[in-house]
Amino acid sequence: MAELDAANLMKQAVGKAAADRVKSNTIVGLGTGSTTAYALEFIGDRLKKGELENVVGIPTSFQAEVLARKYGIPLTTLDVADRIDIAIDGADEVDPQKNLIKGGGAAHTREKIVDALAETFLVVVDSGKLVDKLGSTFLLPVEVIPMALTPVMRALAKLGGKPELRMGVKKAGPVVTDQGNLVIDVKFDAITNPAELEKTINNLPGVLENGLFVGVADVILVGEIIDGQPTVREF
């Protein structure tokens with residue numbers, strides 16, 4: 001691998017730690033994002049070396065599918081698999097109760113399906129993703145079907161949020177999810193009850209899913225730099 005900066009060294013270390021927890025003869029949920037990408041790379045390395053056998057993945061996004069094929073991880077689907085032994089995924093924010101905000105990559109709907117079905121949901125983050133309260137540094141993503149965009153934005157504003165349509169980078173127009181929907185990013189001054197807000201938003205007609213993951217994560221692996229060296233801790 002090429003020389004990495006401190007942030008990527010943390011991501012690489014925590015990705016390897018997650019990959020080391022994968023066992024042979026298992027079905028693995030493959031998450032989305034820059035930290036999870038390292039985990040997929042290391043899983044692929046272990047398969048090539050023969051350290052792992054009979055491991056298949058269920059991707060949470062087109063990005064995860066592309067990376068899995070690149071690194072030689074066989075794939076399956078929820079139509080075929082009868083279980084998910086472990087899911088490895090990143091997060092944009094993690095609070096002390098292991099609640100998450102996800103969706104920076106606009107893949108949170110598929111991620112929530114796979115992560116919630118997993119026997120063990122393992123979250124991989126660098127230390128910059130840890131917050132005291134959700135919403136402190138990251139907007140809350142909400143996936144919405146296109147025809148409901150304006151009504152949902154009005155409803156989110158009534159809930160105290162400041163909604164804005166996520167626009168594409170290096171493309172004209174809004175971000176379009178793998179499901180063909182739009183993403184609204186919402187700023188809340190304080191998310192005091194994540195579980196209640198998650199349910200309230202998901203009950204709005206036209207909302208497919210939002211980026212609050214409450215009570216889903218089992219293990220958080222955190223990459224840190226201590227004395228100039230990347231380390232990983234668990235909580």
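Every residue, even glycine, has its Cβ placed from backbone N, Cα and C.
The active site, proton acceptor annotation in Swiss-Prot covers Glu111 and rests on sequence analysis. Summarising the annotation, Swiss-Prot assigns substrate binding site to Thr32, Gly33, Ser34, Thr35, Asp89, Gly90, Ala91, Asp92, Lys102, Gly103, Gly104, Gly105, Lys129 and lists sequence analysis as the type of evidence.
Feature map: Swiss-Prot annotations on the structure.
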residue : record                       : Cβ neighbours (10 Å)
Thr32   : substrate binding site       : 29
Ser34   : substrate binding site       : 15
Asp89   : substrate binding site       : 32
Ala91   : substrate binding site       : 28
Lys102  : substrate binding site       : 30
Gly104  : substrate binding site       : 21
Glu111  : active site, proton acceptor : 31
Lys129  : substrate binding site       : 22
Among Thr32, Gly33, Ser34, Thr35, Asp89, Gly90, Ala91, Asp92, Lys102, Gly103, Gly104, Gly105, Lys129, the record's substrate binders - longest CA distance, Å: 15
In sequence order, the binding-site residues (Ser34, Asp89, Lys102, Gly104, Lys129) whose C-alpha falls within 10 A of Glu111 (active site, proton acceptor): Asp89, Lys102
Near-site residues: substrate, ref Thr32, Gly33, Ser34, Thr35, Asp89, Gly90, Ala91, Asp92, Lys102, Gly103, Gly104, Gly105, Lys129, CB cutoff 8 A to centroid: Gly31, Thr36, Val125
